[in-house]
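Only one structure is covered here, and it is reproduced in the block below.
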């Protein structure tokens, strides 16, 4: 059974994620690395999972440093002084979930090769070292201050009014402090860590951010910032109290922060291709780890996913919602109202949907879709599903990772063209589903 998903090992406490699994993971990791730093988010199960993980690492003779309640980007930045870093978190998932994220010293998540090696060891029978070789444990308290320091060295002072919704997550330890040190007037919401996430669901999407949107208007703030449970994500609300979409925020960063090149996944809007002439756009599979890998490979200025993960390689290859918040505030201070800057971006109608199936499998269906599309089109990207480029727009057809469904996304220069591209893709998907069901 595959343990690793797109963001480490994750599951519901008591079933997909247990202390027993964390103990095995710790023993396996301790065989591969001997100097390890570990931190956690505020979930009710985080101490339990961390303790089990640490016990396993000590059992294999590792030297472990605990840095306590921190954000994921804080942990990933701290990992630069260790063989690797471990974050106990389930990020944007509901409170009953928890997980283990693995980070290299440069802020890159563990590669597929590293994951495979670790998974093989987890599934083996590791006895551990003798009593005289058991590892050691220590505590460090400077990780948050170090992260704050590197952020402040890479942004300029400004005096905006900012509302920050920490969501009762790990951002409570850092984002309000960073923005105040920058010179901002900060109004904090849900700034007490609470693993039950009583104020809102940890995922920073529109329906979960009503309080933030109202607060931005009520306090006449320049913008609002929202994080998920471990603060690797950052989303924003403009000065009118409207959530800035992930595609808009990606394009905003591209327009004002990127000089030469940007990396984004295949499902990102074509606005990123057209918002700043001369910028090279590289597209990857969906998932921040793939974006980070490509940022490093092509030496890009910036990478981002529309879910709210933003990668600034000058700091780290780990998505850093804290630095993203600070950088966004700096850019708004320099370039004027966020609502106007977003309104000035190109706009293209985008339609998302999909078709479920009860017979056949995703691989066969996608194989049929790819074969049919390849017969009629030459501009095809098959990194993640099938993306087809047209003069007026593009279509992406890809399998869902969680349900028997083929997802369809179409974007074009006008509504009619988007509807036409979507309908054409939908017809192809239906034919291939029907064919595989026979």
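Just so it is clear, glycine is given a Cβ too, placed from its N, Cα and C backbone atoms.
Per Swiss-Prot, Mg(2+) binding site is recorded for 91, 228, 230, 232. For residue 91 (Mg(2+) binding site), the Cβ neighbour count at a 10 Å cut-off comes to 26, with all displayed protein chains included.
In this structure, residue 91 (Mg(2+) binding site) belongs to neither helix nor strand by DSSP; it is coil. The phosphoserine feature in Swiss-Prot is assigned to 91; the stated evidence is sequence analysis.
Annotation comment: Swiss-Prot describes 91 as active site, phosphoserine intermediate.
The residues near the Mg(2+) site, meaning same-chain residues not in 91, 228, 230, 232 whose C-beta sits within 8 angstroms of the mean position of the site's C-beta atoms, are 41, 71, 72, 89, 92, 169, 170, 202, 227, 229, 231, 233, 321, in sequence order.
Under a cutoff of 8 A between CB atoms, and with a sequence separation of 6+ in the same chain, the neighbours of residue 232 (Mg(2+) binding site) are 71, 72, 73, 91, 288, 309, 318, 319, 320, 321.
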